[in-house]
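Encoded as structure tokens, the structure appears first; notes follow it.
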Amino acid sequence: MFQTANTYGITSIPEVGVHTTLPDCVIVGDWNGPSCNDNFNLNCYPEVIVDVLCACAVLRGANIFAPGILGMPHDANEGSIVGVYADLKGKCRRGYTQVFTEEKLFLGTGYVRMDRHTLFDNNASPRGIAVEMIDRISKIPNFTLPSEFGILQNLPSMLCSYMLDVNENTVVLDMCAAPGNKTTHIAALMGNKGTLIAIDKTRDKVERIKDLCDTLGLANVSAYVWDSTQAVSFGKDETENLPPLTAEYFDRILLDAPCSALGNRPQLMNNITVKQLQSYPILQKKLFRNAVKLLKVGGILVYSTCTITIEENENLVCWALDKFPELKLCKQTPMLGSPGFAQVYSVILV
């Protein structure tokens with residue numbers, strides 16, 4: 001990060017420190033580049049226009065890859081600094097050269113790594129980084145963390161692992177495990193001991209979970225390709241940790257369910273339909289039914305999403321408590337921040 005800052009001529013380095021509640025969480029502060037200054041002149045650099053999907057990735061910390069660029073002026077040469085803007089209404093034609101006058105949003109500044117000749121001439125379809133971002137209005141730090149040193153995660157994702165309250169003797173199930181960040185965090189909190197079964201229905205994603213565990217030296221994780229809506233098998237040998245799984249087998253279960261993801265990242269647009277929104281609680285309830293069957297009496301089930309809809313969160317929990325009287329709602333520990341629409345809880349089987 002220091003090397004990157006020196007390269008970009010940035011003197012304000014983000015503060016870095018250990019979280020006061022989560023001891024394995026390192027907090028990296030804001031990246032205050034030149035365009036984050038209140039006095040920054042938006043007109044001092046040529047402008048590059050990107051599509052909305054690319055813009056969302058930029059706000060999340062990505063550089064700009066060639067397919068995301070819609071417009072670039074002739075004077076934006078390789079190595080020059082440009083201002084990056086999002087085309088908010090989809091009005092910019094690919095290959096545009098002029099100052100874009102439709103509705104747009106400034107995202108930050110970056111170095112040109114591919115000029116417009118490379119990007120647009122002769123129906124070009126280049127790949128790779130076209131603009132390397134210097135800074136962003138979201139102030140996301142501009143650095144890459146090798147996976148063997150740690151994993152970049154949002155704070156709520158880390159909280160899910162702590163709420164399971166695992167130890168080296170715990171038997172844990174991660175029902176929707178991809179991409180594996182929570183899986184590996186749980187495994188680390190278990191001291192690389194105990195038993196952790198990770199399930200996902202997509203083979204490529206499961207292979208990536210296995211690769212990540214190998215990179216981090218985690219030997220207590222077994223990852224399988226399986227549909228968690230069909231995870232339960234009754235009358236099966238309880239010593240065999242292969243899906244379908246034995247009922248009431250797990251001390252802890254994380255159900256980080258597929259969801260509408262409306263609270264996951266900066267979004268400048270969202271094309272999700274009402275029908276799609278309504279489909280998620282149906283799937284989540286199927287998964288929840290299986291989770292309850294797999295949980296031991298006295299075990300802990302943590303249900304989490306990365307969305308903000310009441311139907312997928314508070315209403316889902318109310319449904320579960322009504323459907324399964326053996327469940328008891330328990331206060332989240334640790335509790336960080338403040339409630340959203342309602343207090344956040346985990347569920348314990350009693």
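One is the number of the first residue shown, and numbering goes on along the chain from there.
Yeah, the Cβs are placed from backbone N, Cα and C, and that goes for glycine too.
TrEMBL annotations: computationally assigned, not manually curated.
Taken from TrEMBL, the feature domain 'SAM-dependent MTase RsmB/NOP-type' covers 151-350.
Look at Cys176 (S-adenosyl-L-methionine binding site): DSSP puts it in coil. Counted within 10 Å of its Cβ, the other Cβ atoms near Cys176 (S-adenosyl-L-methionine binding site) come to 21, all protein chains included. The S-adenosyl-L-methionine binding site annotation in TrEMBL covers Cys176, Ala177, Ala178, Pro179, Gly180, Asn181, Lys182, Asp200, Asp227, Asp256.
Here TrEMBL flags Cys306 as active site, nucleophile. Sequence-distant contacts of Cys306 (active site, nucleophile), defined as residues of its own chain at least six apart whose C-beta falls under 8 angstroms from its C-beta, comprise Pro156, Cys259, Ala261, Gly263, Asn264.
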Proximal but sequence-remote residues of the same chain as Ala178 (S-adenosyl-L-methionine binding site) (Cβ under 8 Å, at least 6 apart): Asp200, Thr202, Lys205, Val206, Arg208, Ile209
For Lys182 (S-adenosyl-L-methionine binding site): DSSP state (helix, strand, coil): helix
Around the Cβ of Lys182 (S-adenosyl-L-methionine binding site), the count of other Cβ atoms that are within 10 Å: 24
